[in-house]
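So that you can see what the record holds, here are the features copied from TrEMBL:
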| type | residues | note |
| --- | --- | --- |
| DOMAIN | B:10-85 | domain 'Glycine transporter' |
| DOMAIN | B:97-169 | domain 'Glycine transporter' |
| TRANSMEM | B:6-28 | transmembrane segment |
| TRANSMEM | B:35-56 | transmembrane segment |
| TRANSMEM | B:68-84 | transmembrane segment |
| TRANSMEM | B:91-108 | transmembrane segment |
| TRANSMEM | B:114-138 | transmembrane segment |
| TRANSMEM | B:150-169 | transmembrane segment |
| TRANSMEM | B:175-194 | transmembrane segment |
Amino acid sequence: MSTTAVTALVLDLAGTFAFALNGALTAVRVARLDIVGVVTLGMITALGGGILRDVLLGALPPATFSDWRYLVVAAVGGLVAFGLSRQLERLATPITVFDALGLGLFAVTGASRALALGAGAGQAVLLGALTAVGGGTLRDVLVRRVPTVLSSELYAIPALLGAGVVVVADRLGAGALVPSLVGAALCIAVRLVGVRLRLEAPHPPGRPDADPE
Amino acid sequence: MSTTAVTALVLDLAGTFAFALNGALTAVRVARLDIVGVVTLGMITALGGGILRDVLLGALPPATFSDWRYLVVAAVGGLVAFGLSRQLERLATPITVFDALGLGLFAVTGASRALALGAGAGQAVLLGALTAVGGGTLRDVLVRRVPTVLSSELYAIPALLGAGVVVVADRLGAGALVPSLVGAALCIAVRLVGVRLRLEAPHPPGRPDADPE
Amino acid sequence: MSTTAVTALVLDLAGTFAFALNGALTAVRVARLDIVGVVTLGMITALGGGILRDVLLGALPPATFSDWRYLVVAAVGGLVAFGLSRQLERLATPITVFDALGLGLFAVTGASRALALGAGAGQAVLLGALTAVGGGTLRDVLVRRVPTVLSSELYAIPALLGAGVVVVADRLGAGALVPSLVGAALCIAVRLVGVRLRLEAPHPPGRPDADPE
């Protein structure tokens, strides 16, 4: 296994773990589920984005089902979050941070995988962003929230940025490792700054932004 | 490119544009999203039905990802709706009309594409209807409404009718253009008449239709 | 057609019928839909799990679209439930029982189909469980409930058990019929006992189980 492949796997599994923690904590906090529900929601959040990407690429069965490490990491993440929920659930911060980590890591690994499977540049950017936002969107639909990708401060944009860095670097013939780290860091930073400063993209004209709902 | 292929592409892009306007206006009206959320919901509404159809047909990656015109038209539709939302949002009518246009156009283009990819007659009717109702169903799930296809006045039935016209014409060896236009017009007309007259299919026996909820 | 294939088909169609009844009754009870909505929700509940499984296995188009018997059985199930809804809807029991029957039957037929298409043992267990819980999860999302698989007394666990029986028996070289019946019966029994006794898997530590919401 080449260094590149190992790096890609490590980043992908790290993203899987971050999203599993996030999804499981969301299950505890929002929906008060039992252990099966908590671990299931953690696994769906962790694996959903990659599954959607592989379905659209026609790379079936999805990597998740041919490589057990993803399932194991996702399940362990869900169990860890379940066990630590008393410590973690009062803090909204861990949920946000794990979500941003998963977003950045999946944006770059999703784009890389799309390129490796022969997707064009634009497709790879979109599929990277879809990998990043897909699992969280399934999570939100299942616990009946309007998905973060639609409602939140900057979410889709940092994912597109992170995936874009990887794709541009690939077209310029740069290596894979540094652009992946840069892209992921950029995405995570933009996302967290957006949450911190409550930045939002423009609202429809004629509708005051400060409109109290 | 043959005349038939050009016609099919034009009808398909017109349906994409109509659904992008509809989804983006829904985002403004129902969920008060920012520009990213508005355009994202417009694009999902516009592209979702065709993606579902292509996934079920195994035609991967979906046409959307191999043909950039769909993405561009969907994004432009979302942006136009965002810009015009002040003018359009107070009117419920444009949302309904764009939805009906998309429904009719996608019913016939979805059925045609299913036939072109080797589906049988019954499958093509179903996949045409799925193309027509799929994007709107994703839209409704994401903004947490019971999907129109389940709850509304005639919605699935006109889609099945429109797709049926194309499939019957194909089996009779008629050309593609006229049946597509007839099927789309029939679907749009039945849908709009249904909305106007508040027609509904029968309710379960023993339950008064006028039951106030 | 071999006895095994006939058996598999009969069990699969029985599961389809049970889930169609369940989904259609849910539509009547929860969402007060008209006949099109009722039959549509019945068909989605009945066919959704198998479609998700076939998409993930890359077995496209899904069996549903190549074998009309599934569509017919699902549609008839929806119509029967619509016609009998006055008799059945006041009783919560039929909805629960049809759901448990579908769960058990699809867990074993889903696992068998995954094995037949070359999936490994672990994959087959997961895909069997996905077949069993998938249709009901789509049903719940469409009528805006937190899915049973996340919130309910034992639901995913009996599905995994039922699928596990089939996969273990296959690995041991046993026949297909007896393990299928045993697996389905085990799944149905565990599910119904769980509902009856309100058994739940453990809740997060530090959170009283009796916590009134």
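Cβ coordinates come from backbone N, Cα and C, glycine included.
Curation plays no part in TrEMBL annotations; they are all automatic predictions.
Just so it is clear, the model here is predicted, and its values are computed rather than measured.
For the transmembrane segment (B:114-138), the most Cβ-contacting stretch among B:35-56, B:68-84, B:175-194 is B:35-56 (pairs under 8 Å). Remote same-chain residues near the transmembrane segment (B:175-194) are listed as 3-4, 7-8, 11, 96-97, 99-101, 103-105, 107-109, 111-112, 132, 153-155, 157-159, 161-166, 168-169, 200 (criterion: CB distance under 8 Å, separation of at least six residues from the stretch ends). The average pLDDT the prediction assigns to the domain 'Glycine transporter' (B:10-85) is 91. Taken through DSSP, the domain 'Glycine transporter' (B:97-169) splits into 60 helix, 0 strand, 13 coil. For the domain 'Glycine transporter' (B:10-85), DSSP puts the residue distribution at 66 helix, 0 strand, 10 coil.
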